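Novice: Here it is, the structure in full.
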Amino acid sequence: MKSMVKKLKQSLRSGSLEKRKEKEKDIQEEKWFLDNGSIFLKELIADCNGKSIPIRNFSSDQILKATSNFGSSCFVTAEGFYVWYKGIIEDRSYMIKRFSEYKVTQYRVAEVYNEIVLSARMSNHNNFLKLIGFCLEFSLPVLVFEYAEHGVLNHRGGVIVNGEEVILPLSLRLKIGKEIANAVTYLHMAFPKILIHRHIKPRNVFLDENWTPKLSDFSISINLPEGKSRIEVECVQGTIGYLDPVYYTTKMVTEYTDVYSFGVFLMVILTGKPALASTSSDGDYKHIASYVKGFHENGQLDGVIDPKVMEDITSAQKVHVEACVVLALRCCELRDENRPKMIQIAKELKQIETLFRRS
């Protein structure tokens, strides 16, 4: 009898403890929701200028169930201070972006909200990854984006689908270059203040079921002051290999900061080589612009194109691909005043891609 009473008391205490833990969890989630929500609302009101931007709010239970508690089976890719997962909510697939609370310092918290607000602003453009909603019930917001059936480009401008590398034909590579150029041009021209992305690279470009490229990651994007062509920042941010040398040495952000990064991006997807490649056993690295420029100066531009796709194009098409490589080199001129503007780049790429298809 005493044993039964003892077990009953233990059971009641255990149940009480579980209820208390559950209540504490609910209180913590509510606090995160209110804290994150107030910050986001303030930022969104400041940005949307009275326009309605429909964004869905997801619960933590939905996110955890969709990603198997952020399990490895749902992992897509990791980049910097965040991880991408595939998740299924109400029979629909989504890309779910989780920021690491251990890597996001107080200084970088603002970047998380920058990402939400600017992604929401770009949701109507077909070449940006569309923000569907978010969950505020974690220490940092978890973002839910449209699904990208064919994943994300890797550091060589390729893509892995179902565990196997897919060789992208040159026609698709040119299409990707053209449409990402259109997206960046939109950032530079569609708003009263020029918006500089600052993080253009293959690993921020997703591909949907129709192989349409979707630019993502606005965490370090910045507006230039209205009527101004540059802004000085406290620290340089971005990815080594894609950083504009002028920006890197002066901390001055201009529209040509994006032009340089785009030029590197274009070279990477055309050559199938990373932005920085090891050249010898001593650990030295050579920038892709230097690599491509060497071939250009020797009149051997066809030698830089990814050999896996060169045999599939005609001699007439090769001329247009080489024109694209030359354009990429112009984007990477060391003096930023010698670089073309994004609108000019977009126009030239449209023409190159059209001529390539007709050849």
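Including glycine, each Cβ sits where the backbone N, Cα and C put it.
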Novice: Of the ranges 1-20, 281-300, which one does Swiss-Prot list as region 'Disordered'?
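Specialist: It is 1-20 that Swiss-Prot annotates as region 'Disordered'.
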Novice: For Ser72 (ATP binding site), list the number of other Cβ atoms lying within 10 Å of its Cβ atom.
Specialist: 7
Novice: Greatest CA-CA distance (Å) over the residues Phe70, Gly71, Ser72, Ser73, Cys74, Phe75, Val76, Thr77, Ala78, Lys97 that the record ties to ATP?
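Specialist: Maximum Cα-Cα distance: 15 Å.
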Novice: Measure the Cβ-based neighbour count of Cys74 (ATP binding site), defined as the other Cβ atoms within 10 Å of its Cβ.
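Specialist: Summing over all protein chains shown, Cys74 (ATP binding site) has 17 other Cβ atoms within 10 Å.
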Novice: By a simple count of other Cβ atoms within 10 Å, which of Val76, Ala78, the binding-site residues in the record, is least packed?
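Specialist: Ala78, out of the binding-site residues Val76, Ala78, has the fewest neighbouring Cβ atoms within 10 Å.
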Novice: Under DSSP, is Ser72 (ATP binding site) helix, strand or coil?
Specialist: helix
